[in-house]
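Have a look at the structure below before the remarks.
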Amino acid sequence: GVENPVFEPPIPGLSSQRQAAPSAAGPDVLSAEEGPCGWGRFVPKALQLCNNAEGYLAAYSLLAIFQGIVVNGLINISISTIEKRYELNSSLTGLISSSYDIAFCILSLFVSFFGESGHKPRWLAFSAFMLGLGSLTFSLPHFTSGKYHYGTKIEDTCQIPGTSSANFTCSTSTRSSLSSYLYVFILGQLLLGIGGTPLYTLGTAFIDDSVPKNKSSIYIGIGYAMSLMGPAIGYILGGQLLNIYIDIQIPERQDTIYAKMDRDDPRWLGAWWIAFLACFFAMWLLVIPFSCFPKHLPGTAKIQAEKISETHNDGSEALVETKNIGKSFRDFPMTLLILLKNPVLMSLIIASASEALVATGFATFLPKFIENQFGKTPSFSATLGGLVLIPAAALGQIISGILVSKCKMDCKCVIKFTIGTCSVALLLSTMFLFAKCGNEPFAGVSETYNGTGTLHNLTAPCNANCKCLRAMYYPVCGRDEVQYFSPCFAGCASQLFNLEKTYHNCSCIGKPKVEIGSEDFLYEAVPGKCPPKCGLLPLFLATFFFAVVFTFMAVTPTTVAILRCVPDKQRTFALGVQSVFLRLLGTIPGPILFGAAIDNSCTLWDINECQTTGACWVYDNENMAYQLMGISAACKLITIIFVVIAVWLYKPPPASAALSEKSSGMVSTVH
């Protein structure tokens, strides 16, 4: 008693009604826009080998890799170095990280709307050009700010009263203007955001247009997999380049105390700019292949004609079909309003934005957290961060995609699965309570000078007459296992050069805490920070790895649920709306919020002779860990709450609609 369209006699026009309409242009128009690969009349035969979906996918994957290297890799690991070089605090560098998302957020909806009927490969050529320009702009401060001066012509030891010493006068001309380069970095990120917008909207849509529906997910999956390689390469490559001195050649300055500096020196800055310059050339070269592709690849018209619509039947589908919404720009407000009034969609979007806030915050500041919490170098911290974040994120998305597919979950089950993964990630986020390290003893910061002086004051009776400058941060480790701001603040009056530099006659340094059988050490202080005694780094990395896995296990199910709970014709636009909210509520405030939390845990700021505050030298490790755990746990709770709301509000289609969808699949098989 149920009508089955498979056994109905053919009705004129029925086929065209059932077939999807991915493009406003008809098959004849699409065929006319299919062309050879080349530039105008110059169409070499060799290029025609690439005039297919595989050739386009290769170019797309390369651009996605280089975009990931710069935006999600190099910038994140360069943050700590840029802070020190250009005297910026973490809140400002968080603003730099968010600038990419600001540009992406502003342009995403409009680029996806206007570019739908445009020449998508040329949009991708424009994308490659802007990404290259943004990468070049981001590296410009290195070439215009002059060489890095890490020392001044002043003795670092305690000066006896009456001896000559350098006197500093503060004037407008002596104030540093390095912090003004903040705007250049923001401009570079904005250009990168402009370039990244077409890549992940129109670039993905062009793949879907050019291949059969059953192969579309494979091609898009390969493209996204390649984009995940970018951050991994960026972290590892950038981390290794930080082992190279920022100006390539370390200057030999025998007239200062800093005649030789190695990577363990806290003032060491690596060559962060080299990889940005290399990516600039690589991405501009990719303009060439994208500019030669035709508007539609050969065979696109046939592929589009064979595609069958698989609309999801819900309340808004009838409105979209009857009023033919989405055909012109005048429909833009109505289309957006329909999606904004979908409570399930908006709940899932808010949940994904909350997860994005945590993910981008840790992606930006994880290397800095490892560096300060566990006493590692910036390059080693960046490498560790990349080796943990990227594989864990990729593994989480792959595992969840396989589970959703193999278990054949419906929309409601997919949302419930997301609740489970987020709950496990919330439990794992409590690792900060256990895998944290306290600060090593620091005279004048975390403890007094052998009972003299006060906390948070580097000056004490033992160094009051030494004429020490706080603008000179050159930490030394005393034989008493206490760290001092500089040899001068440690009261050291002399120094010796043998195999390594040592300091002697230090009035502020007490006796060694551990007797070694002799009356005294061969030295009283050595350059560098005291070695950390905390051995919790392996525990932190292991727990954080699984926390990232379960966090990203919610990404694919959330995307699937969003695609299933909106009308078929609005799926692409729904992802566009999600990307906007993702950035407004997640990726833009994420680095800023994390940067402010890290700055709030600072216990010793860089203050020069002009009393200008720069970057932070020392953080309260426990305070930093608690604040990051608080942000992470709060965001996880928000995610769980809104996903539960989505499950509660979601109403599956009626049985008749499900049968109609099944019949549509049978028609597809017959076709």
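Even glycines carry a Cβ here, placed using N, Cα and C.
Copied from TrEMBL, the annotated features are:
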{"type": "REGION", "residues": "1-29", "note": "region 'Disordered'"}
{"type": "TRANSMEM", "residues": "57-79", "note": "transmembrane segment"}
{"type": "DOMAIN", "residues": "57-651", "note": "domain 'Major facilitator superfamily (MFS) profile'"}
{"type": "TRANSMEM", "residues": "91-111", "note": "transmembrane segment"}
{"type": "TRANSMEM", "residues": "123-143", "note": "transmembrane segment"}
{"type": "TRANSMEM", "residues": "181-206", "note": "transmembrane segment"}
{"type": "TRANSMEM", "residues": "218-237", "note": "transmembrane segment"}
{"type": "TRANSMEM", "residues": "271-293", "note": "transmembrane segment"}
{"type": "TRANSMEM", "residues": "386-405", "note": "transmembrane segment"}
{"type": "TRANSMEM", "residues": "417-435", "note": "transmembrane segment"}
{"type": "DOMAIN", "residues": "456-510", "note": "domain 'Kazal-like'"}
{"type": "TRANSMEM", "residues": "539-563", "note": "transmembrane segment"}
{"type": "TRANSMEM", "residues": "628-650", "note": "transmembrane segment"}
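Counted as Cβ pairs under 8 Å, contacts with the transmembrane segment (539-563) are highest for 417-435 among 57-79, 181-206, 218-237, 417-435, 628-650. Between the transmembrane segment (181-206) and the listed ranges 57-79, 123-143, 218-237, 271-293, 417-435, the one holding the most Cβ pairs under 8 Å is 123-143. For the transmembrane segment (271-293), same-chain residues at least 6 beyond its ends with a Cβ under 8 Å from one of its own Cβ atoms are 37-39, 47, 50-51, 55-56, 59, 62-63, 66-67, 69-70, 74, 77-78, 81-82, 121-122, 124-125, 127-129, 131-133, 135-136, 138-139, 142-143, 234, 237-238, 241-242, 244-248. The transmembrane segment (417-435) is not in contact with the transmembrane segment (218-237), judged by fewer than 3 CB-CB distances under 8 Å for residue pairs 6 or more apart in sequence. By the Cβ criterion (under 8 Å, sequence separation of 6 or more), the transmembrane segment (218-237) is in contact with the transmembrane segment (57-79), since 3+ such pairs are found. The average per-residue pLDDT of the prediction over the domain 'Kazal-like' (456-510) is 84, rounded to a whole number.
Taken through DSSP, the domain 'Kazal-like' (456-510) splits into 0 helix, 17 strand, 38 coil.
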